[in-house]
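Annotation comment: Swiss-Prot describes 109-143 as zinc finger.
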Amino acid sequence: MAGTPQPRALGPDALDVSTDDLAGLLAGNTGRIKTVITDQKVIAGIGNAYSDEILHVAKISPFATAGKLSGAQLTCLHEAMASVLSDAVRRSVGQGAAMLKGEKRSGLRVHARTGLPCPVCGDTVREVSFADKSFQYCPTCQTGGKALADRRMSRLLK
């Protein structure tokens, strides 16, 4: 929240960063953008579900290298962060605790929608699983039609 002091272990609140701030936070970072924007020490307030939504709106692959995003991609990412998170806050205002999870799900386009059509282009929403995490994305909107490798079975094949 704006004006609320942040604990030292957290990065700046996702709704408080400017495009220039975001560029500075990502500069030189060799991590995958999905991992970087969910790292609360880098940017606070973005979890797994909303990172999927933000990257979908921004049309950025979850596997893109954070520090190599173009200026246009940074602008799209910043705008997507603001719109997705602001919309989530608007939808949750006045909701009781029992209703929050359902309200959150009602606004999701790709997260937890594996196998369903993308609401933007109609392609099938895909999932990549690795370790104890997974993410959902649209190949057409985010990766130029390329399906990303699912790491779910790779540890069993070694």
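The backbone N, Cα and C atoms fix where each Cβ goes, and this holds for glycine too.
For the zinc finger (109-143), the DSSP-based tally of helix, strand and coil residues reads 4 helix, 12 strand, 19 coil. Per-residue confidence over the zinc finger (109-143) averages out at a pLDDT of 94.
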